[in-house]
Amino acid sequence: MEGAELAGKILSTWLTLVLGFILLPSVFGVSLGISEIYMKILVKTLEWATIRIEKGTPKESILKNSASVGIIQRDESPMEKGLSGLRGRDFELSDVFYFSKKGLEAIVEDEVTQRFSSEELVSWNLLTRTNVNFQYISLRLTMVWVLGVIVRYCVLLPLRVTLAFIGISLLVIGTTLVGQLPDSRQYRPQKGGICVANHTSPIDVLILTTDGCYAMVGQVHGGLMGIIQRAMVKACPHVWFERSEMKDRHLVTKRLKEHIADKKKLPILIFPEGTCINNTSVMMFKKGSFEIGGTIHPVAIKYNPQFGDAFWNSSKYNMVSYLLRMMTSWAIVCDVWYMPPMTREEGEDAVQFANRVKSAIAIQGGLTELPWDGGLKRAKVKDTLKEEQQKNYSKMIVGNGSVS
C-alpha cells in the first residue's frame, strides 16, 4: 500500500506540474518563458560540444567526416555539354565513356536513395544515432552526453508521452462529440483553395494546424495513425483513400473537386510528394493536386537538424518507434513560410504548374529541387524515365545529321 500511495503522489504531482506549467498557459496563450530558456541552454551546450569535438579530433578525421556528406563530386552539366568535349558531329564510341561515368556515379551515390535516410550532420549534436563514428574525446564531453541521456529519457520522454496521451485523448473525444452535432455553417470565413507543402514528417500537419484548420488528404493507415484518422473524419470530411484507390487518379481528383466545390468545407492540405523526404530536398510533385483547379497556397517547411531529426523513414521505423525517437530528441525546431497564392497560368498544364510551385517552395526553404518521383522509395525506376534519356540522346544524333 505504501508503494501504491507513493506512486499515486508522484503521478498526481507530475500531472499537476504539467497542467499548471504547460497546459493551462497554452490554453490562455500565455508563455512562461520555459521553452526560450531551455533553447538558449541547449544552443550554448551544443556550441560548447562542437568546439570540444573540433579541438579533440584530428584534422584528417574532420576532413574525412565533412567529405562523407558527399562521396563524389558530380558534374551537373546537361548531356549536350557533357558530350561536347568527347564527340564530333556524329555518333562516336567515346560517347560510351560519358554514360559509363554517369552510371558509376549513380551506383556510388545516387540522388534518390540518400533522400530517404537521415540528414547527415557536420557536427555531432550529442545524439548517438546521428553520428555513428563518434569516439571518446574527453571526460567532460562524455559526462555531458550521459547527462543529456538522463534528461532526454527521464524528463523529456515522460513529459512528451504525457502531453501526447492527453492531446490524442482530447482529440478523439472532442472530434467524436463534434461529429454528433448537426451540420451548420462555420462562423469563421472560409476562402477556399488548396494548401500544398513539402513533406518531412507526420508532425507537419500539427505544425500547420497551429495557425489554421484544414481538411487533409492522405492514405488510410492502420494502428495509432488509423485511430487518429477515424476520429478526425467524424468532425471534418477529410479525404482518406486506400492504396489501391491511389492508382485511380481520376477517382481521387473527383473527390477533391467535390470537396473544393463546397464552400462550407475547410481548405484542403496536401503534400504532393506523397512520401516523407529527409529535410534536404523537394522531390516531384504529383500533378493530381494541380488538376482540380482553385488557388494554390504554397507553404515551405524546413526543420533545424541541430536539435533532432524530424524525418520519418517509414520503411525503417513504424509510428511508435518514430515517436520514441522524436520524444527523446532535444527539441523539434522548424521554420514555416506562408508564400503568396499561386494560380495556373494561361497555357500552363498541370505538370508545369506543379513544377513552378515546387521550385518556389524549394527556393524559399533553401531545399534542393529534384525531378525524381518520391515513389522510387518503394518502386523501381519507370521505363518512361529511361526512355526519356534515350530520346534526348537520339535527338542529339538526329540534330547532327547522322541518322539520315
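Placed from the backbone N, Cα and C atoms, the Cβ positions cover glycine too.
Predicted, not measured: the structure shown is a model, and the values here were computed from it.
TrEMBL has this to say about the protein:
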type: TRANSMEM; residues: 12-34; note: transmembrane segment
type: TRANSMEM; residues: 137-155; note: transmembrane segment
type: TRANSMEM; residues: 161-181; note: transmembrane segment
type: DOMAIN; residues: 193-304; note: domain 'Phospholipid/glycerol acyltransferase'
TODO: Using DSSP, tally how many residues of the domain 'Phospholipid/glycerol acyltransferase' (193-304) sit in helix, strand and coil.
DONE: 39 helix, 25 strand, 48 coil
Open item on the list: Please report, as numbers and ranges, the same-chain residues at least 6 past the borders of the transmembrane segment (161-181) whose CB is under 8 Å from any CB of it.
Closed with: 14-15, 18, 22-23, 227-228, 231-232, 234-236, 323, 327
Open item on the list: Looking only at the domain 'Phospholipid/glycerol acyltransferase' (193-304), what is the model's average confidence as pLDDT?
Closed with: 82
